[in-house]
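**Student:** For reference, the structure I am asking about is given below.
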Amino acid sequence: QDEGKSKTIVFIPKSTDVTYWLFLRKGATDKASELGYTVDYQGVATEADVAGQVNLVNNIVATKPAGILMAATDAKALQPAVENGIKAGIPIIMVDSGIEDKTIPLANITTDNFDGAYQAGLLLAEMIGGKGKVANIGITAGSQTGRERSDGFIEAMKKFPDIQVLPVQWTDAIAATAMNIATDLLNANPDLVGFYSAAAPMGVGIAQALKAKGLDQKVKLITFDPSPETLPLFEEGTINAIIAQDPYQMGYRGVEMLDKVIKGGKIEEGERDIQIPVAIITPENYDTPESQKLLQTPDKF
Amino acid sequence: MPELLVMEGINKAFFGVKVLKDIQFRLHEGEVHVILGENGAGKSTLIKILSGAYTLDSGKVFLEGKEVDMASYSPEVASRLGIATIYQNFHLVPHLSIAENISLSNFPVKKGGIDWKSVQKRARDVLENIHFSVDPNTLVKKLSVSQQQMLEIAIALSKNAKIIIMDEPTAAISKKEVETLFQLIADIKKKKVGIIYISHKLEEIKVIGDTITVLRDGKNVGTMGAKEAELNEIVSLMIGKEMKTLEKKKQHLSSEVMIELKSLRRKGIFEDISFQIGKGEIVGLTGLIGAGKTELARAIFGVDRLDAGKCFFQEKEINIKNPKEAVQHGIGYLPEDRDVSGLCLNMPVKDNVTLVYLAKLKERLFGIPAEKALAQKYINQLKIKTTGVYQQVKYLSGGNKQKVIFAKWLAAHCQFLILDEPTIGIDVGAREEIYNLIFDFVESGEKAVLFLSSDISEILSVSDRILVMSQGRLIAELDPSTTTKQEIMARCLNLN
Amino acid sequence: MNQNLPDEHRKNWDVLSVFQYLYQQQSISMLFILIIMWVILSLLSPYFFTVNNLFEITLQSAVIALIAAGESFVIFSGGIDLSVGSVFAFSAIVGGLALQFSGSVIVSLMASIGAGLFAGFCNGLAIIKLKIPPFVATLGMMGIARGLALILCNGVPIYGLPREYLWIGQGRIAGIVPVPTIIVIILFTIMYFILRNTRFGRFTYSIGSNPEATRLSGIKVSSVTLGIFMICGMFAAIAAVIESARLGTMQPASGNGYELLAIGSVFIGGASIYGGEGNIFASLIGALLVTTIRNGLNILGVSAFYQYVVNGLIIIFAVAADQIRRKH
Amino acid sequence: MNQNLPDEHRKNWDVLSVFQYLYQQQSISMLFILIIMWVILSLLSPYFFTVNNLFEITLQSAVIALIAAGESFVIFSGGIDLSVGSVFAFSAIVGGLALQFSGSVIVSLMASIGAGLFAGFCNGLAIIKLKIPPFVATLGMMGIARGLALILCNGVPIYGLPREYLWIGQGRIAGIVPVPTIIVIILFTIMYFILRNTRFGRFTYSIGSNPEATRLSGIKVSSVTLGIFMICGMFAAIAAVIESARLGTMQPASGNGYELLAIGSVFIGGASIYGGEGNIFASLIGALLVTTIRNGLNILGVSAFYQYVVNGLIIIFAVAADQIRRKH
Ligand SMILES: Nc1ncnc2c1ncn2[C@@H]1O[C@H](COP(=O)(O)OP(=O)(O)OP(=O)(O)O)[C@@H](O)[C@H]1O
Ligand SMILES: Nc1ncnc2c1ncn2[C@@H]1O[C@H](COP(=O)(O)OP(=O)(O)OP(=O)(O)O)[C@@H](O)[C@H]1O
Ligand SMILES: [Mg+2]
Ligand SMILES: [Mg+2]
C-alpha cells in the first residue's frame, strides 16, 4: 500500500533570495536521502510576498506530497493554508517561523527572531561600552522577520539610556543598498560606534562600507545569520559577532519528525515545540567545533 | 451678406518666432473665402486658432457679431459654436473604425450605452453624401491617404456647421472626388454656411472661391474678390515677386534601360504590370483613388512582397526583398503618407534629410559639420522654411515637411526615384522648383524617375510618358505631347 | 486584430464566419493557448485538472486580474501605471484602519475604495496638470503610496478581520465557486461593456490611438485621463480588499511587484504599448496564464530556481505563438 | 525640445545664445535642478556638501547610471528592457564562476560582459524574430536570467575576489576619485559620441522616432535593434562588475528592482516613452538625482517610511519643474 504513496517532501522557505534557507534545505535533504525521500525546494521570491506563499502552500497541498516542511512568512496569514493542508491529511511541520496557533502543525521547530535580535542588542551594547550612537539596518519594511529582528534589537537598547539608536533603515536584504546606507549614515554621524545588521547580505554591505572608510576596526558590527561570504569579514575583524541560528539542524530534525509521522508514528508532546536557541559567535568561540558546525557552508547544497 | 466671422489683430508666436502678425480676417454667410500663401505663411496656424487647436497670443474673434472669449476657447467650444474643421494633417483616430470616427464627437446614446445602430446609419449616410464607398467598419489605420482625406471631408461636412474650415482638402484626392466636393460646397453655400478654404491648387480658386486673402510671412497682404483677381497678381502677392513659368528643360534621353518590370503581380492588388523606364526618362503614373499606384511602388521598393514578376535594374535581374536592398541598388521611394512612413517627426530637419544618405554611407562614423552642410544645402535649395537645421520636423508647416522628405531622397544620390505624390501640399512657387529639381535630376541621362500623381495637369507637364492605372492594371500608355487632360481622365475612369 | 470593436459580422452568422471572427479576437486566441497549456499540464500531472484546482487558479489569479483590469484602461489609453502595487497596500491599510475605528465592514470597503480612487486621482492630476509623463508620475506615487501605507500602520500588519469581511475572499457560492471569482467575472463583464459601449470607453481607446486627434474632436482628454487613472486606482483597491480577505490580514508590504505582473498580464493579453487597442478579457486571460504557469510549475514540483527560467520561457513562447496568429 | 542635439549656435558664441543653448539642453536643465537640490541639502546638513560625500554620491550612482546608459539606448529607440536587474545578477555570477575556475580577473571580466551581451542578444532575437513586444520579451528574460543566476551558483553568493578585481570598485585614482566614477565618465562620453556621431547612434534615435520611416529609408531596423539590446545587456554586466567589486562578493539575488531605478533615471532625465529623443547625459543626471535624494534623506536622518514619500514627491516635482522649462 506504500507503493503509490509519494516519497516527496516539500520544503518551503520564506523566500528564495536569501542564502540562509539553503542551510535549512541542506539539513532536510541530508536526512531525507538517508530515509529515502526527495526534497522539493519551492518558494516565493521575497518575504513580503505573503499572498504568494499562501497560493504556493495551497498548490503544494493539492499534489499530496508525503510531507511539508515550511517557514511561514506571516504567522497569521498562513494559518488557514496550513490548517487546510493538515485537514487534507498532509503532515506539515513548521521550521524557523511558525504560525499563530502552534497546535495546528504537527510540530514547530523554530527559533526566536525577536530574542536573537535582543541578544545581538545586548552584545553590541557591551561592545561599545554602553554608550554612543548605533545604526539599525533592517531587512524589509513590513515583513514579519524584518519587524521581529528590528524590534528585538530596539527593545534591548532601551536598557541603555546612553545609547542612541538611529531610525531603522530597510534594505530589502540587498547588500549594495546596505552599503550605500551605511556610508551615508557614517558621513552624517561621525560619532557612530556600532551597526546592527538583521541579515547576512546587509552585514556584507556594511562591512564593505566600514572598510572603505577605514573604520572597520573601530566601529562594531554585529550581523544576523552566517553566510559564506561573511566569514572572511569576520576573520579579519570587520564583523565582530554573528548571530547564528541552527538552520541545518532545523531541516534535519524536521525531516526526521516528518518521517516518523509518515511511517505512522506519533510525535511526543514534549517534542512538539522545539525552540532552537541562537548561538552568538564571537572571536572567542569562533574556533570551537560547535560554532564551526553552524558557520561552515556545507560542501554541496 | 451678413458677417459670420471677424478676426481682428490676431498674433501668434511659437518659441518666440512670430508666425501671425496682426491678422484681420472676415467671413460672410454663404461665402467661400480662400486663404492663399506660400508654405509656412501661417495659413494653418490661423485656422487652427479658430478651430481651437492653438491658443492665440492676442487678438479678438467675433462670431455673428458677438465677441468670443478666447481665454477659455478650445476645440470643444469651437464645435459647440458650429465650427467644423478639415485639418491639413487630419485628425483621425487610427484604431477606431470609420463609423466611430464619424460619431466620435457626439456619439448617439440610448439607455445603457452607445446606440450602435444609429452610429452605423449615420456613417452610411455621411459616406453616401460624398459618394465615398467604403465599409464603415474598416479601421481608419487601414485607409490610404486619399481615403483618409475623403473621410476627413465627410466628417466635417456631417456636422451641420455654420463655418467649415477646409485646410487643403483636395491635396490628396483625384479629380473625380474633387468635383464631388465642389458640388457639395455649392450646395452648402446655399444654406448660408461660410467656408474658409485653403489650397495650393490655384485653378480651383476660380471655380469655387468668392473672396481671396493672401498671407505672406504671417501678414495679411491683401483681400480681394476671387472673380476679379488675376492669377499672376495673386502669385506675385504670395511670393513677393513675379513668378517664372515652367520651362521644361531638354533632356538627354539615352537608349539604355534603367528599370524593366515584367508581369508584376500582388494578389488582389495589382496584376500583370509590365513596363520599362529608360535612363533620363520621367514616367508619370496616374489613376484614381485605389487604382493601386502606391501599392505598386511599395512592391517595387521591397516594402511589400510581390507574388510574381521579374525586375531588371540596369540590365541585371534583381530580387528586392526589403527597402535596404532597394536603397543599396540606388533606388529611392518617396512615400505618400509623409507623417507615417516618411518622417521622424521628433527629430531635427538635419537628421531627416541625411537619414538615407547615412544609411548608404560606408563609414561607421560621420562628422556633424559635413552632415550639417549637406542638410543646409538642401534646405536652401528647396527653400525649406525652418528656424535652422536643428528644428524638429514636427514644428514645420505641412508643405515644408513634404520638402524635407524630398530633400532626404535627393541627398541620398539615388539612380532611380519613385516619387509618390511628391507635391502634396506644396505651394505654387515651390512646386515649380520641385519640378525643376526633378528635371535636373534626370538631366544627365544617367538617372530616371517614376512619378506617381493623381493631379493630371501635373502629370501632363512633368512626364515624358504617361501610364494610366485602373483597378490594379495598366490600361494605357499616353504621350503627353499628344494627349489631353480629358483623355487622361477618361482613361482613368476606364471609359474606353 | 480589431479587437476593441463591436461585432462586424453580426448579420451573417454562418459557421465559417463565426469561426473566423473568433479567430480574429485577441482574447480567444490567448484562450486557446491557455487551454493548450491546461491540456499539457493535465497530461503531466493528475492533480492539475481537478475542479478544485481550476477554481484555485481562478482564485489565485483574481487579485492580479483585477489590478490588470484597471491597468488595462490605462494601457489602452496609451499610459502606464506603476503605482498599483503600492496603491494596493495603501488602500488595504486605509481600509484596515477604517475597520478598526468604525468596526463596520461597509465603512472599511468604502475607505479602501476611496483610498484607491484618491491615489488614482493624484496620478491623473500630476499627469494632466503638471504634464508629467505617466511613467514618472506613477513612479513617484509608487513611493508615496508605499510610504503612506507603512506610516499609517507603523509597519505592522492589521489583523482581526470580522467574518463578513473574510467572506469576500474566502467564501464560496454554492459551496464551490469562490466569491473572488464571481467578483472578477462581474467586474470584467461590466468593464468590457464600458469599454465597448460607452463614450468613456471609446474615448479611452481614442486617446490611446491619437490623443491630439481626440482633443481636436472636442473631447476633454484631461477629464477622461483623470477618470482612467481613478478607475485604475479603484481596481487596485478592490484587489486589495480581496487579498486582505483571503489572508485575513492587511499587509503594508504587500502588492510589491504586482504592478509588473498586472502590466505583464495586459501585454501578454496582446495590448500595444502605444495604446489604442486591447481587449479587457484578453488581459484577464493574460492574468490566468501567468497564474496557471505558476500553479502548474508548483504542482509539477519544478524546483524554485528552475521555475524562474521555465516561467520566463513560457511567457515568451505563449506570446510568440499569438504573434503567429496575428500575422494572418 | 530638441535636447539630443549638438550646438545650434556654434558661430555666435555670445553670452546670450550660449545661455539660451544651455537652457534648451535637457541635460543642463536637470543639472540645474540637481544643483538646486544640492544647495538645499547643504543648507540642511553640514555633512552633505563635503568632497567625500559628493564623491560618495557619484560612487553610489555609478551602478544605476551604467545600467541607465544601456537602458537609454533601448528607450531612445522606443523600447524598454525590464531584464537588466536580472541580467545584472546573471553576469555577476557568470563572472564569479569564471574567476573561480580560471583564477584570472581578465577572464572573469570577459565572461561577465559576454554574459550580458548574450542576454541582450537573446532579448533582441525574441523581439525581432519572434516579433514579441520588448516589454514581454524582457519580462520573460527577467525570469530566465534570475533563474540562471541562482542555478549557476546554487543560490550561494560567490566571494573571495582578488585584490585587482576589488580595485575596480574600491580603488581611488590619486587617492580621491573613485574608479567607478572614472569608468562612468569615460563610458558616458563614449556613448554620447556614439549616439551623436555614428550611424548606429543616429539609427537608434530614428527607430525610436519612427521605425517605419526608418525602414523605408533603407535601414535594417532589426540589426540595429539587436545591437541596441546587446549594448543594454553589456552595460548591465559592467554595472554588475562594479557592484561585485565594491561588495567583494557576487550575489545571485542582487540587482532586483534596479530595472525600475534605471528606467526611472532615463525618464527623469527627460526621455520620451515614444523614443526618438533623449540625451544620455540627462540619464546620468537622472541617476545622480535619484541617488542624491536617497543620500540626502539618509544624511538628514529622515526615517525610512517617510523616505518613501519624500522620495516620490521630489521625483514628481523635479520632473514637473523641468516641464515648465520645456513649455517655453
Ligand atoms: N506647433 C508649432 N510649433 C512651432 N512652430 C510652428 C508650429 N506650427 C507651425 N509652426 C511654424 O509656423 C509657421 C507657419 O506654419 P503654418 O502651418 O501655419 O503654415 P502654412 O501656411 O499652413 O503652410 P503650408 O502651406 O506648408 O501648410 C511655419 O514656419 C511653421 O514652422
Ligand atoms: N483591388 C483591391 N482590393 C482591395 N483593396 C485594394 C485594391 N486596390 C487597392 N486597394 C486598397 O486601396 C487602397 C489604395 O490603394 P493605393 O494606395 O495603391 O492606391 P493609389 O492608386 O495609390 O491611390 P491613392 O493613393 O490615390 O489612394 C490601399 O489601402 C489598398 O489596400
Ligand atoms: Mg498648412
Ligand atoms: Mg497613392
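Count begins at 1; order follows the chain as displayed.
Every residue gets a Cβ built from N, Cα and C, even glycine.
Please treat TrEMBL annotations as automatic predictions, because they have not gone through curation.
So TrEMBL says this about it:
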- C:28-49: transmembrane segment (TRANSMEM)
- C:55-75: transmembrane segment (TRANSMEM)
- C:105-128: transmembrane segment (TRANSMEM)
- C:135-161: transmembrane segment (TRANSMEM)
- C:173-195: transmembrane segment (TRANSMEM)
- C:224-242: transmembrane segment (TRANSMEM)
- C:262-290: transmembrane segment (TRANSMEM)
- C:297-321: transmembrane segment (TRANSMEM)
**Student:** Rank C:28-49, C:55-75, C:105-128, C:173-195 by Cβ pairs under 8 Å to the transmembrane segment (C:262-290) and hand me the top one.
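**Tutor:** Maximum Cβ contact count belongs to C:55-75.
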**Student:** Can at least 3 Cβ pairs under 8 A be found between the transmembrane segment (C:297-321) and the transmembrane segment (C:173-195), with each pair 6 or more apart in sequence?
**Tutor:** no
**Student:** Are the transmembrane segment (C:173-195) and the transmembrane segment (C:224-242) close, by which I mean at least 3 Cβ pairs under 8 Å that are 6+ residues apart in sequence?
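**Tutor:** Answer yes, regions in contact.
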**Student:** With Cβ distances under 8 Å as the criterion, find the stretch in C:28-49, C:55-75, C:105-128, C:224-242 that has the most pairs with the transmembrane segment (C:135-161).
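**Tutor:** Out of the listed stretches, C:105-128 contacts the transmembrane segment (C:135-161) most.
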**Student:** Give residue numbers and ranges for long-range contacts of the transmembrane segment (C:55-75): same chain, 6 or more residues beyond its ends, CB-CB under 8 A.
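**Tutor:** Beyond its ends, the transmembrane segment (C:55-75) has Cβ neighbours at 81, 84-85, 88, 134, 176-178, 180-181, 183-184, 187-188, 191, 195, 204, 208, 228-229, 231-236, 238-239, 242-243, 246, 258-259, 261-263, 265-267, 269, 271, 273, 275, 278, 280, 283-284, 286-288, 290-292, 294-295.
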